[in-house]
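A.B. asks: Input: one structure, supplied below.
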Amino acid sequence: MSDLKPMEIVRELDRYIIGQKNAKKSVAIALRNRWRRRQVPDDLRDEIAPKNIILIGPTGVGKTEIARRLARLTDSPFYKVEASKFTEVGYVGRDVESMIRDLMELTVNTLKVRQQEEVQEKAAAMAEERILDLLLPESGGPEGATLTEPHLEVVSSSSSKSSTREKLRKMLNNGKLDSRFVDIDVTGKASPMIEIFSNTGMEEMGINMKDMLGNLLPKNTKRRKVKVAEAMKILTQDEAAHLVDMEKVTADAVEMVEQSGIIFLDEIDKIAGKGNSQGPEVSKEGVQRDLLPIVEGSSVPTKYGTVKTDHILFIASGAFHIAKPSDLIPELQGRFPIRVELTSLGKDEFVRILTEPKNALILQYIALLRTEGVELEFTEDAIDKIASIAVDVNERTENIGARRLHTIMEKLLEEILFHAPDVEEKKMVVDADFVDKQLMEIVKDEDLSRYIL
């Protein structure tokens, strides 16, 4: 999917996000430029830096969703973080390099799970052999037997043993042994009674004390009595974990993060300022200056190795109600050359959001109630009324964009969702009258709508 053309990327984003053509166009170009960079000769490739983007617009217009869908579309490592969570170096709080370490951690875990899925078949075969070893012990004595149900006859002849093993294998595969109990050893690392070391303050070095001491701590092996079916699952996961090549996983993760990582810096407007804060307030300009080397390209130490940030794509977003992008320090402004303003959503967009996307809100509620055997239907006038109410409440209270639809839909369908398991009438129609009945009293009362919707 990484070689998608800009028009194809926009088309894919249109399936989930309504409107915001300019923002979609900008991120599509940024993504295609990554593919173009990989086709450039080696001597010039490292010189081409990603064109970072600032998405400007009120809450609930699709800023975060555009970045998240973009990452899923391209299978890129993605991490979202609020810029306001960071503090200047020297203050208590998270340092800016932690977002690179977190992105690396997420990518390693994702690749590890994928590799475990790839070796699942082999792991299941190995787990099956271990189960058969438990069911048919080598020794004829009582110590060798691990079955806690009536024992299978232990045979000494190798040919008879092989024949018996194959019979057991067939029974195991047919599920005839699932209810038997076996004793298995489950290994875990011992945890100290008191946590002496804390990771606080060691993030800067990418050091994790638990990982450093992990091999020194004694293994904590517990013997558990479980049914064969559960033992099969436990042992399969155990074998899959042993089959994963962590060196390859780590190397691939570093490569993915460096070449195709995306970091979404939300609320960047909260750290925009002139750095004239006094007293206990942490300098906003200080956080910006800490962000600068990460965005422009530096090497960040992590427990998986050093990660270079030169080609990570940074997408920042903010409402910029009070501050302006020009309030960011000039050096940081220069690292975000593309700025896109997202438009506020109106009634027409709300109607489309409710019905058009692949994950449309109405489709979600229909699918949820179908699990109870209830068929939910929305008339066009009901959808129109819901959109009108969302616009009205946004204008009279706080404008939270499309998120208002979630609160309205939840309140609208509250009674249906509550009584769905018990109702005899399995087809329910939501029309304009139903919407008026459920919501108009709340909408008319501004105090109620402020707290409920």
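Just so you know, glycine gets a Cβ as well, placed from its N, Cα and C.
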A.B. asks: Among ASP266, ASP269, ASP290, ASP445, find me the residue Swiss-Prot lists at the same ATP site as ILE18, GLY60, VAL61, GLY62, LYS63, THR64, GLU65, GLU331, ARG403.
C.D. replies: ASP266
A.B. asks: Looking at the binding-site residues ILE18, VAL61, which sits with the largest number of other Cβ atoms within 10 Å of its Cβ?
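C.D. replies: Buried the deepest by this measure is VAL61.
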A.B. asks: Would you mind listing, in sequence order, the residues at least six apart from LYS63 (ATP binding site) in the same chain with a Cβ closer than 8 Å to its Cβ?
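C.D. replies: Sequence-distant Cβ neighbours: ALA23, LEU55, GLY57, ASP266, SER317, LEU342.
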